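Now, the feature entries from Swiss-Prot:
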DISULFID  Cys97-Cys189  disulfide bond
CARBOHYD  Asn5  N-linked glycosylation site
CARBOHYD  Asn265  N-linked glycosylation site
TOPO_DOM  1-25  topological domain 'Extracellular'
TOPO_DOM  50-57  topological domain 'Cytoplasmic'
TOPO_DOM  80-100  topological domain 'Extracellular'
TOPO_DOM  121-139  topological domain 'Cytoplasmic'
TOPO_DOM  159-195  topological domain 'Extracellular'
TOPO_DOM  220-236  topological domain 'Cytoplasmic'
TOPO_DOM  260-272  topological domain 'Extracellular'
TOPO_DOM  293-314  topological domain 'Cytoplasmic'
TRANSMEM  26-49  transmembrane segment
TRANSMEM  58-79  transmembrane segment
TRANSMEM  101-120  transmembrane segment
TRANSMEM  140-158  transmembrane segment
TRANSMEM  196-219  transmembrane segment
TRANSMEM  237-259  transmembrane segment
TRANSMEM  273-292  transmembrane segment
Amino acid sequence: MMGQNQTSISDFLLLGLPIQPEQQNLCYALFLAMYLTTLLGNLLIIVLIRLDSHLHTPMYLFLSNLSFSDLCFSSVTIPKLLQNMQNQDPSIPYADCLTQMYFFLLFGDLESFLLVAMAYDRYVAICFPLHYTAIMSPMLCLSLVALSWVLTTFHAMLHTLLMARLCFCADNVIPHFFCDMSALLKLACSDTRVNEWVIFIMGGLIVVIPFLLILGSYARIVSSILKVPSSKGICKAFSTCGSHLSVVSLFYGTIIGLYLCPSANSSTLKETVMAMMYTVVTPMLNPFIYSLRNRDMKGALERVICKRKNPFLL
């Protein structure tokens, strides 16, 4: 009987964003512009790091993977949202919904681990500059990236398999713009306690601990910089750390609020807005905060442009 109930749901209906019909076109144009900005910004970073040998360093290895993760993270949800806004067809097949959830978790978790690796890289570079090359060896950097991919793959698969075992009966309306894990659990008509416990326990390992490690790394960085009597260096460091921490806090804060500390009286509108912060806004901001405004990336862009104009220039 349970298997029959589960297979009775062949698709889900995504309600999308709670916007008025007269605002549909404006919102579509806005989200399309944000998505294209995310794609172009992150693709530019990946291409520049690939083409410029000056950027073949640990920090830019992490940045290129972060850009790829951001690009994919947005592509998991935004194209479907834009499609639904255009053709007014909110349905998504059951298998596609679980697939979307899997890749959403995969690239979201991957970003979490990569942000930790980048914070550690900056911590070593600023606090132990003389030992940076020895500590951040190519083997360690590749191992950190590979470990991030492996852990996130298994974590996303765990949640997807746990979700696939649940039964979904009559209600197939998801009050969200993508197949969110918490929204799907609310629709299940079977026991979800195992899923909820796994979310809470694994969430602490995947989200809370990385967030605390990042805060600790930047705290040590600030402490180290304050010991140097240079007002210009202090201002620059606080500007950089402040911008990084603002994006990190936006990403982790919304995820912790939604999945680990959900409010009993939280509205669908509030949850949707919070989800937009880390699915749309953060991937769009990351290229500008971490890469495109720094001197190395600007220099790489100039060198690539010069080579295009003069192919014989070394």
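Numbering starts at 1 and runs along the chain as displayed.
Including glycine, each Cβ sits where the backbone N, Cα and C put it.
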Request  = Would you confirm whether the transmembrane segment (237-259) and the transmembrane segment (101-120) meet the contact rule of 3 or more C-beta pairs below 8 angstroms, pairs 6 or more apart in sequence?
outcome  = yes
Task = Rank the disulfide-bonded residues Cys97, Cys189 by the number of other Cβ atoms within 10 Å of each Cβ, and give the residue at the low end.
result = Cys189
Ask   = Under the DSSP assignment, what numbers of helix, strand and coil residues are found in the topological domain 'Cytoplasmic' (121-139)?
value = 16 helix, 0 strand, 3 coil
Key: Other parts of the chain folded back onto the topological domain 'Extracellular' (80-100), taken as Cβ under 8 Å at six or more residues beyond its ends   = 9-17, 24, 27-28, 31-32, 35, 160, 163-164, 168, 174, 177-179, 184
Task = For the topological domain 'Cytoplasmic' (50-57), jot down how many residues DSSP puts in helix, in strand and in coil.
result = 5 helix, 0 strand, 3 coil
Query = Where DSSP helix means H, G or I and strand means E or B, what are the helix, strand and coil counts for the topological domain 'Extracellular' (159-195)?
reply = 16 helix, 4 strand, 17 coil
